[in-house]
There are 4 protein chains.
Amino acid sequence: MSSNSFGKLLTVTTFGESHGPAIGCVVDGCPPGLALAPEEFRADLERRATGRSRFTSQRHEADEVEILSGVYQGRTTGTPIALVIRNTDQRSKDYGDLLDTFRPGHADYTYWQKYGIRDPRGGGRSSARETTMRVAAAVIAKKWLAERHGVRVRGHLVQIGDLVPRAFDWDAVETNPFFWPDAAMVEELEAYVNALRKSGDSVGARVTVVADGVPAGWGEPIYGKLDGELAAALMSINAVKGVEIGDGFAAVAQRGSAHRDEITPQGFLSNHAGGILGGISTGQALVASIALKPTSSILVPGRSVNLAGEPVEVVTKGRHDPCVGIRATPIAEAMVALVLMDQALRHRAQCGDVGAVEPRVPGRVE
Amino acid sequence: MSSNSFGKLLTVTTFGESHGPAIGCVVDGCPPGLALAPEEFRADLERRATGRSRFTSQRHEADEVEILSGVYQGRTTGTPIALVIRNTDQRSKDYGDLLDTFRPGHADYTYWQKYGIRDPRGGGRSSARETTMRVAAAVIAKKWLAERHGVRVRGHLVQIGDLVPRAFDWDAVETNPFFWPDAAMVEELEAYVNALRKSGDSVGARVTVVADGVPAGWGEPIYGKLDGELAAALMSINAVKGVEIGDGFAAVAQRGSAHRDEITPQGFLSNHAGGILGGISTGQALVASIALKPTSSILVPGRSVNLAGEPVEVVTKGRHDPCVGIRATPIAEAMVALVLMDQALRHRAQCGDVGAVEPRVPGRVE
Amino acid sequence: MSSNSFGKLLTVTTFGESHGPAIGCVVDGCPPGLALAPEEFRADLERRATGRSRFTSQRHEADEVEILSGVYQGRTTGTPIALVIRNTDQRSKDYGDLLDTFRPGHADYTYWQKYGIRDPRGGGRSSARETTMRVAAAVIAKKWLAERHGVRVRGHLVQIGDLVPRAFDWDAVETNPFFWPDAAMVEELEAYVNALRKSGDSVGARVTVVADGVPAGWGEPIYGKLDGELAAALMSINAVKGVEIGDGFAAVAQRGSAHRDEITPQGFLSNHAGGILGGISTGQALVASIALKPTSSILVPGRSVNLAGEPVEVVTKGRHDPCVGIRATPIAEAMVALVLMDQALRHRAQCGDVGAVEPRVPGRVE
Amino acid sequence: MSSNSFGKLLTVTTFGESHGPAIGCVVDGCPPGLALAPEEFRADLERRATGRSRFTSQRHEADEVEILSGVYQGRTTGTPIALVIRNTDQRSKDYGDLLDTFRPGHADYTYWQKYGIRDPRGGGRSSARETTMRVAAAVIAKKWLAERHGVRVRGHLVQIGDLVPRAFDWDAVETNPFFWPDAAMVEELEAYVNALRKSGDSVGARVTVVADGVPAGWGEPIYGKLDGELAAALMSINAVKGVEIGDGFAAVAQRGSAHRDEITPQGFLSNHAGGILGGISTGQALVASIALKPTSSILVPGRSVNLAGEPVEVVTKGRHDPCVGIRATPIAEAMVALVLMDQALRHRAQCGDVGAVEPRVPGRVE
């Protein structure tokens with residue numbers, strides 16, 4: 001698997017730079033017969049789009065997906081599905097003054113170290129623009145998971161800076177621009193983010209993704225564990241610095257008698273494990289969380305060097321995004337969905353469809 | 001890549017069950033010419049061994065590595081290196097009363113869901129016994145990284161239950177059975193763990209691994225990012241529920257002006273990023289941390305079900321390991337070393353040896 | 001690696017159907033710094049194009065490659081290179097009467113068996129149209145191999161029906177539409193193919209590809225052998241039914257004393273092995289040949305069935321291609337070049353650049 | 001996938017050198033529940049063994065397979081199956097005089113070029129000894145294919161030197177040491193091979209493998225074609241120089257009207273395609289043939305060089321194998337079986353079990 005491809009049996013290969021002519025992806029391995037139309041990509045791309053609200057960055061991306069292959073008469077054929085989005089916003093001039101400067105906290109320094117080439121156009125390949133295609137590819141995965149297995153993948157914010165929700169309601173999440181599960185706090189959040197923007201600074205965020213309906217038995221030991229692949233998938237999202245499954249780091253201070261999820265004939269009594277034991281799904285809700293660092297491109301001046309090795313002061317001009325973590329929500333959902341569909345296909349390859357469709361129940365004769 | 005294999009160019013395939021005849025691994029892709037002798041595996045295997053001290057479980061494993069292939073006249077030949085360790089402790093009788101019972105917090109329930117087969121012998125393939133071969137394989141990676149690139153990979157505990165070190169000294173780490181960096185606290189730790197054992201309960205732990213000497217430029221965007229692969233590698237260790245790079249979840253509450261690591265002609269001014277930007281190493285120390293859940297096999301009774309679906313009470317008999325996280329330290333080092341060597345080989349495939357051996361320095365004419 | 005991807009370190013993923021909106025590919029793993037311009041793709045695409053002469057099929061494809069990513073200021077950046085060609089000839093009406101009919105010798109029957117879906121548009125994904133992108137991708141590989149290692153990959157026909165060349169001259173190959181190395185026979189070939197066309201029938205062909213300048217040491221034992229990967233690559237070309245390395249099937253009747261290539265201090269005395277021993281290049285010219293079956297779409301009526309399972313008579317209308325093997329020459333070159341570049345990168349990953357740049361010479365102190 | 005691994009979903013990793021302590025393999029991806037006992041490996045290993053008759057080389061290998069993992073209570077568990085065979089015949093002294101000499105036609109020259117290391121022990125990793133583990137691994141694949149899909153994989157010789165069978169009878173194949181389908185010719189073959197041995201020379205051979213019962217629909221376009229993967233698998237066998245599917249190179253001189261296999265409601269009327277169209281199985285018998293070069297280790301002296309670059313004369317002492325192609329028969333069967341099982345699992349991953357178990361029949365309503 002090449003480094004711009006993701007997944008073993010559902011393989012997504014993305015390509016494209018932030019300010020090149022286009023970005024795109026090839027989705028290989030989707031079963032035949034899934035209904036798919038270009039307009040189905042719109043909702044999730046809109047959720048991810050930076051222009052969604054004034055609380056995220058203002059670059060307008062008219063993201064229209066073109067399906068170049070793999071779909072015939074409205075259904076997938078089993079051959080690779082290529083999706084392309086033209087970049088309509090290729091103004092390289094915005095980045096003119098950063099041509100020779102490494103921005104602190106950005107990948108431009110490490111890309112230059114690796115490749116010896118500097119592509120200053122909006123971060124080039126390292127830009128979060130690339131994640132657009134992950135969201136697009138995952139529209140296919142989400143639909144297949146829902147239709148074939150009744151799986152639903154949803155995400156929400158659980159922390160921004162030091163603010164955390166005081167209540168939880170799934171229905172609230174999609175009614176505010178913060179994917180925040182506590183509707184009563186939205187005004188407070190708006191004030192918080194506006195103050196942050198005025199100060200020219202940024203904060204981090206924490207996002208949780210929950211997948212309901214995942215059957216027991218998905219995930220492959222030892223190096224293809226469901227949690228291992230989720231960790232890789234989620235850590236590959238721009239700005240992510242941490243991944244947790246279930247209780248995550250809170251488990252460090254827990255007692256075994258409290259952490260282990262007891263089992264009764266009626267099911268598990270708790271879900272500290274986040275739906276995964278030994279790398280394989282338990283049949284409970286799958287719960288994964290990520291930490292996103294604060295935006296590095298801010299108005300507060302910072303020290304850096306240029307290509308000549310001279311000290312420079314860097315200030316990111318124009319409007320900025322005081323919390324990149326907000327729009328990571330649909331991206332995190334996308335990665336979870338892609339991992340799950342890949343694992344579903346791997347499970348039926350080795351174990352057949354049985355485990356997925358009709359779960360084993362202790363005590364039932366098979 | 002099959003699910004019992006790890007790595008793209010340095011590929012480690014492990015096999016074996018906890019109480020089967022043997023465990024082993026095949027290390028494929030190691031460059032020729034590396035000196036390698038069976039006795040070099042001893043030190044790290046001893047560090048990982050459960051019988052190391054009375055603070056971890058007392059099963060005695062006489063882990064003698066046999067090199068079956070890939071080494072001729074004391075040097076690697078470039079062909080696959082097979083390592084095998086015979087299991088000398090195959091007493092299945094210990095597990096007799098658990099034959100039909102699912103242990104809360106264990107993989108036996110999910111393995112049965114996936115495969116429809118129950119192998120009660122000490123956890124079978126899901127046992128931490130498998131990690132012995134990761135440590136063995138990583139002896140090769142650690143040596144190659146040190147000789148070829150001057151990289152050193154070391155780990156230590158940073159939390160057990162709610163105890164954290166009050167001081168830090170690398171020299172202290174290997175002088176106590178807890179891989180604890182604060183020698184003054186060792187007695188306190190002993191008392192803490194002894195009390196825990198007496199109560200029949202367990203706690204979690206947090207381990208940090210640091211790799212010094214990693215050159216800038218290792219790691220592959222987008223889905224082969226250095227942090228993404230570290231996350232997969234570390235999450236694949238038994239009992240791990242969270243992975244952090246650099247500041248990890250602490251970054252959520254940080255400001256961008258504080259988090260981003262400023263650069264001067266003399267180098268970075270901080271390392272909140274943990275040595276990775278955009279998935280590629282910065283040339284700073286690489287820092288990764290993991291959360292390990294508390295041991296699930298404890299003396300405190302717990303509710304569960306058996307294969308017949310009937311409610312049962314489970315108690316793990318015999319001596320138990322009140323904190324599995326302690327011995328995860330060398331295992332976490334192993335996974336970091338395997339990822340780094342794999343990435344080093346991938347880097348020289350695409351970019352040649354230049355970036356690794358002679359780092360690019362801003363301002364220097366090349 | 002997904003099934004529409006090829007190569008381990010230089011990974012080419014192709015997509016697109018014969019009569020869909022576009023075909024394309026993503027080339028992942030190309031080292032940074034290679035000069036690359038859209039017009040460099042023209043020559044080889046023209047050599048492959050079906051409209052090249054009246055001796056191959058007359059469909060006109062204006063194949064203009066657009067580079068969507070991976071190239072900045074005329075040089076590769078190390079990120080994935082996406083190439084797209086719009087299909088300008090999407091007339092599905094041509095295939096209207098074949099909507100429900102399986103054509104003997106074609107993939108439409110097996111695609112329907114596999115996927116349960118029938119895409120009658122010119123063969124869909126199974127069309128030789130897909131090989132256009134292989135040729136495009138290999139333009140990059142050929143250039144890198146030439147610039148970095150001095151390798152030249154060339155092909156020619158060695159048999160069409162029962163005609164074989166009576167003389168051999170590399171200079172003749174590109175001067176006639178048959179890639180035929182014997183200029184004196186071109187008129188004879190024209191008459192032969194014209195007669196074939198008039199009869200409405202077709203013949204097979206045999207193509208040989210020679211790579212000069214391949215250093216000793218490329219190729220990976222055991223399942224990544226250079227000849228094994230060439231075999232997979234060449235057999236994956238449409239209509240190929242056989243692959244030979246060096247003497248190939250002629251070796252069956254040879255004596256060992258005649259076949260083995262003796263070695264002297266001045267080099268090998270023969271090249272029956274075709275430049276490969278034990279799956280690794282010897283430093284001699286690499287020689288591979290393929291057998292292509294006769295075109296299945298012919299004017300001679302044939303028996304088949306339709307989707308309803310009823311017997312039907314199939315006749316391919318319009319102009320046809322009496323020998324698909326002719327234009328396989330640049331496609332075969334392409335696959336050889338892609339395999340070689342992939343192996344070159346794999347070699348330097350495991351063994352460093354030494355073996356490639358400075359060959360080992362027996363007797364020389366290193 | 002590393003270069004000592006084979007297969008995508010059924011992944012076989014082999015290790016070991018001809019005269020090292022042991023050879024072995026890890027079979028990863030086998031579905032759970034397949035009955036498997038150590039004695040089941042004997043028959044095919046015996047068929048492959050060099051000591052089988054006086055018509056192949058006389059080295060005696062007591063090949064006893066030990067199952068190290070993946071089988072519990074006589075059934076596969078879904079975890080990796082490790083098989084090991086101890087080398088009982090490690091006499092390095094036999095090769096003492098070849099320590100510094102490259103044998104013409106052998107891999108020792110290219111291994112030295114690649115790795116810079118010389119392991120003279122019977123060819124080391126490049127020895128045909130490695131194929132023992134392919135045969136062992138394929139015992140599992142053959143059994144699974146037979147039980148799950150009713151597939152039978154069989155091979156036979158079709159040419160040795162310039163001798164070809166004058167009759168064909170499957171029942172004759174296993175009654176003579178040549179896997180020869182014409183019992184009446186066995187005496188003639190014995191005389192032929194004896195004369196060859198006396199002359200100290202060798203000849204090549206041609207082997208055909210037939211798989212009956214393969215359902216339509218197996219094989220993945222474009223780079224995972226069934227014929228492409230067979231070509232790679234078969235070309236990876238020691239001494240193989242050519243691979244054909246169906247009519248193979250004979251198709252070059254055929255007319256399209258003769259080659260294409262016509263279809264009727266009762267089935268195909270011929271099988272020139274060898275059971276594969278467009279890389280996917282047609283439901284007919286799968287037919288593949290290979291060319292094996294004559295043994296390079298012969299008593300006839302040959303010119304070569306030593307490590308010092310000096311000219312030397314090489315003579316292989318002791319008994320030799322006048323036709324290595326004979327025992328390639330079970331090895332070729334093994335590679336075909338491994339490819340088929342891998343493709344069967346890949347098919348059910350993408351397309352479900354439907355296509356495999358209940359073939360689509362034109363005209364039948366589904």
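Placement of Cβ uses the backbone N, Cα and C atoms for every residue, glycine included.
Here is what TrEMBL records for this protein:
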| type | residues | note |
| --- | --- | --- |
| BINDING | A:Arg48, A:Arg54 | NADP(+) binding site |
| BINDING | A:Arg125, A:Ser126, A:Ser127, A:Asn238, A:Ala239, A:Gly278, A:Lys293, A:Pro294, A:Thr295, A:Ser296, A:Ser297, A:Arg319 | FMN binding site |
Binding-site residues, contacting chain C; criterion Cβ under 8 Å; candidates A:Arg125, A:Ala239, A:Lys293: A:Arg125
A:Ser297 (FMN binding site) CB neighbourhood, other CB atoms within 10 A: 23
Residue pair A:Ala239 (FMN binding site), A:Arg48 (NADP(+) binding site) - Cα distance, angstrom, rounded: 15
Residue among the binding-site residues A:Ser127, A:Thr295 whose Cβ has the most other Cβ atoms within 10 Å: A:Thr295
Fewest other Cβ within 10 angstroms of its own Cβ, chosen from the binding-site residues A:Arg48, A:Arg125: A:Arg48
Candidates A:Ala239, A:Lys293: member of the binding-site residues with the richest Cβ shell (10 Å): A:Lys293
Subset of A:Arg48, A:Arg125, A:Lys293, A:Thr295 (binding-site residues) with C-beta under 8 Å from chain B: A:Arg125, A:Lys293, A:Thr295
Secondary structure at A:Ser127 (FMN binding site), reduced by DSSP to three states: coil
C-alpha spacing of A:Arg48 (NADP(+) binding site) relative to A:Thr295 (FMN binding site), in angstrom: 16
A:Ser297 (FMN binding site) and A:Arg48 (NADP(+) binding site), Cα-Cα, nearest whole angstrom: 19
